[in-house]
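Here TrEMBL flags Thr18, Arg61, His62, Ser94, Ala95, Thr195 as phosphate binding site. TrEMBL lists Met194, Asp218, Tyr219, Asp220 with the feature substrate binding site. Here TrEMBL flags 11-253 as domain 'Nucleoside phosphorylase'. Residues annotated as site 'Important for substrate specificity' in TrEMBL: Ser176, Thr231.
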Amino acid sequence: MSVKPEFKDIRIGVIGGTGFYNLKGLKPITKLDIDTPWGKPSSPLFISETESGHKIAFLARHGENHERLPTEVNFQANIAALKHVGVRVVIAFSAVGSLREEVRPMDFVIPDQIIDRTKGIRKDTYFGNGLTGHATFGDPYHEPVAQLIKAHEAALENMKLIKGGTVVAIEGPLFSTRAESKMYRLWGGDIINMTAVPEAKLAREAEIAYQMVCMATDYDSWRDEEASVSTTDVLPILKKNSENANKLLVSLLPALVEKVYSDQQTLEQFTGTSGMFKASLMQPPALRNPEQVQKLLFMYPEGF
């Protein structure tokens, strides 16, 4: 479907992970079924409105009924759809296992680094096919957004909101062996999940200020005295984590709206992402594959 002009400047996007499928405390407006040049997103974009009248776009990463494995998620289409409606900032919630004693089940972590252990199966770039580019990715998450999230820790009770940490992204769908889990701890991993990559990479190429909020459900498989993690163990905690994610969003969104819907200078200073895609390009315009360029006009209609 074509997107009406009133839905082309939705600057805040929320991606829900396992057990977190809707936005509470907001007024539902509509849902947008968007087709992208990379296929259909995992779910429609559910558009809600804050009390101040600002629109928020929500996307269910695994589908409305959790019908997609991590490897099956069309991350390219998901990020492209959000970019198409004008999203500049994404808060991405995701269930994770803990690799540290101090990160307890139901604690939240705002990570600042990634170790990529996916297997190259997932499409993780908008470059290629005659359009060459290399985006910077040394700091995969967005510090100003992380700081703003941390400032709303008081919205959460009887749990920690930990700022900083390294998330290990694995392919799945199986959980880790004990040997793998212990190895990731030695590497400096703090939490582990199956969707951190390529979502963060594609958001960077899309010039979106992207920050994960990781919701711990278990201790993975590194504790020898415990049974390794199972879906049965995780499900009860997912519900509580979803409730806490909603509480955090209710507290956070007014401050985030103020940052991204104020004057243009404040928006650009807060996001700091404009021009990243163009700066990543290696070829002069005349040498770029016109078919690939045409696809990317879906995300960059003013050209690059």
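Every residue gets a Cβ built from N, Cα and C, even glycine.
Here the features listed in TrEMBL are painted onto the structure.
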{"residue": "Arg61", "record": "phosphate binding site", "DSSP (3 states)": "coil"}
{"residue": "Ala95", "record": "phosphate binding site", "DSSP (3 states)": "strand"}
{"residue": "Ser176", "record": "site 'Important for substrate specificity'", "DSSP (3 states)": "coil"}
{"residue": "Met194", "record": "substrate binding site", "DSSP (3 states)": "coil"}
{"residue": "Asp218", "record": "substrate binding site", "DSSP (3 states)": "strand"}
{"residue": "Thr231", "record": "site 'Important for substrate specificity'", "DSSP (3 states)": "helix"}
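Rounded to a whole number, the C-alpha distance linking Tyr219 (substrate binding site) with Ser176 (site 'Important for substrate specificity') is 11 angstrom. Residue environment of His62 (phosphate binding site) contains 20 other Cβ atoms, counted within 10 Å of its Cβ in all protein chains.
Taking the Cα of Ser94 (phosphate binding site) as the reference point, the closest of the recorded positions Ser176, Met194, Asp218, Asp220, Thr231 is Met194.
Averaged across the domain 'Nucleoside phosphorylase' (11-253), the predicted model reaches a pLDDT of 95. Note: the Cα of Met194 (substrate binding site) and the Cα of Ala95 (phosphate binding site) are spaced 9 Å from each other. Sequence-distant contacts (6 or more apart, same chain, Cβ under 8 Å) of Asp218 (substrate binding site) comprise Gly97, Ser98, Pro105, Val229, Asp233, Val234, Ile237. It is 21 Å from the Cα atom of Asp220 (substrate binding site) to that of His62 (phosphate binding site). Note on proximity: among Arg61, His62, Ala95, Thr195, the binding-site residues of the record, the Cα nearest Thr231 (site 'Important for substrate specificity') is that of Ala95. The two recorded residues, His62 (phosphate binding site) and Ser176 (site 'Important for substrate specificity'), have Cα atoms 20 Å apart. A Cα-Cα distance of 21 Å separates Arg61 (phosphate binding site) from Ser176 (site 'Important for substrate specificity'). Of the recorded residues, Ser176 (site 'Important for substrate specificity') and Thr195 (phosphate binding site) place their C-alpha atoms 14 Å from one another. Most Cβ neighbours within 10 Å, among the recorded positions Ser94, Ser176, Thr231: Ser94 holds that distinction in the structure as shown.
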